[in-house]
Amino acid sequence: LEQEQGQPGQRQEEDDTLWIQIDPHCSPNCDHDNAPHLTSSSEVDEFVDSFINVEDHHIHDHVGEIDGTVISLDQFEEDTGGFSFSTANDACGDHVPLMINSIEGDEMDIITEKSNQNSENAQGTVNQEASQGVDQGLHLVHSLLACAEAMGCRDMQLADSLLSQIWGSVTWLGDSLQRVAYCFAVGLKSRLSLLHNVNMNGTFSTTTPTNSPNDMSPPPISREEKLEAFHLLHQTTPYIAFGHMAANEAIHQAARGSDSLHIIDLGLQHTLLQWPSLLRTLASRTEGPPRSLRITGLIGDPDHSPMIESAMTSLTHEAASLGIIFQFNIVTDPPTPSLFTKEKLGIVEGEALYVNSIMQMHQYVKESRGSLKSILQAIRKLGPTLLTVIEQDANHNGPFFLGRFLESLHYYSAIFDSLEASLPRNSVQRMKIEGNHYAEEIRNVVACEGSERRERHERADQWRRQLGRAGFQGVGLGKCMSRARMMLSVYGCDGYTLGTDKGCLLLGWKGRPIMLASAWQIYGI
């Protein structure tokens, strides 16, 4: 059984196989005729309702929301000096003006009356369609929850029946809820096939039998497709750029007065777009640019090396034009505690050392927190000036499947909603982001267990506890707020929110936290 995690001083022993747990939410008498109940019906309704009223549900979960500016018609007339009618801003703030000129008196009244009648008829149709859409969405969410709970109880017959019903309601080409439900349905189908293996051999194997009729695993995604999806995500949403900006600003502030900098990058494949901005920021320091900057980058896939070397070579030329000596080194060894030594990472005495983690730290958690604690302690022994940690702010590492499912469904629904607001329904870019980046994350959270489950995201308070136990204390990022506001204005899409949580900076969608940025230093520094 997976154990409850995060107790002080408690460490779970890792094994080659992981026994599947029975979810405590399940009734001990689960049968095939009656769907198990999550909790009380009111709690389920509240959870489901939050999908429709996302802003109200999360309005108190953050601080410092960025409000959109609303201009009244009177103000618009005054500013423009003439009468015009403008449609409401679309999701990304684009204005589509409809000018009305030379209309006076009775003619205006007739047009207004007809317009009102047409508007009322159209509004009635829109309201009816919207009501039907809401009902269908609520039914879909209820079905997903019931299917997940059946799997938590290992009631595979009921889960299979519910999943068959779900397939009739989801589509990869529908609205944001249908698309995210499709991804979760794929994950549930994959998990169902794995649960069949549990019944056969008693352990949770993450390998689906060859030619299994239940194998709904998506085709493998190539490195190039993953990288393209990541870059598209960076271009169309602030989620990645937010982390780069916050980490760079924290490093810039900590590097004041330092002439020789060395950055240990825990995931260089995710930061190629981060470092040009830092170079330019360092070059603009009032005391002048640092003499040298070195980046030692860890990469999980050695096949990334040629592409990364090409990008870093370009960075070397840019650094030279800014008067900074730049060096880089790529490390392909697995990120174990034994790797984090001054000898293996080439750390030189006299350099100001920084460790940068962009969406990497959660992969070190694994089945127990012992692995994460060992790596954090090894990083601490290096004596860094600063450790920057950027992560998805979500609780996807709970000990029980149903809890993870609920949290992840809410989290990714918010992300898909933000993508729908940023990109058209038929956008190829959006399809690549959702299909080649987020769909894989969702399937990993939902379907996998043991060492195969890499996406173990956690909330800010949990990172605070784990880093504190390893000997780190938080460095406030409040000064980054103004830069974050300017960054959001570039994307021009309403709905993104900013907040703080005990020194951490949070980026969310309609109040629902999505990303967290934090900086840490060793106690006593």
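Keep in mind that glycine also has a Cβ here, set from the backbone N, Cα and C atoms.
TrEMBL assigns the feature motif 'VHIID' to residues 261-265, out of the candidate ranges 51-55, 246-250, 261-265, 361-365. Between the listed ranges 145-149, 230-234, 375-379, 445-449, TrEMBL ties the annotation motif 'LxCxE motif' to 145-149. Averaged across the motif 'VHIID' (261-265), the predicted model reaches a pLDDT of 98.
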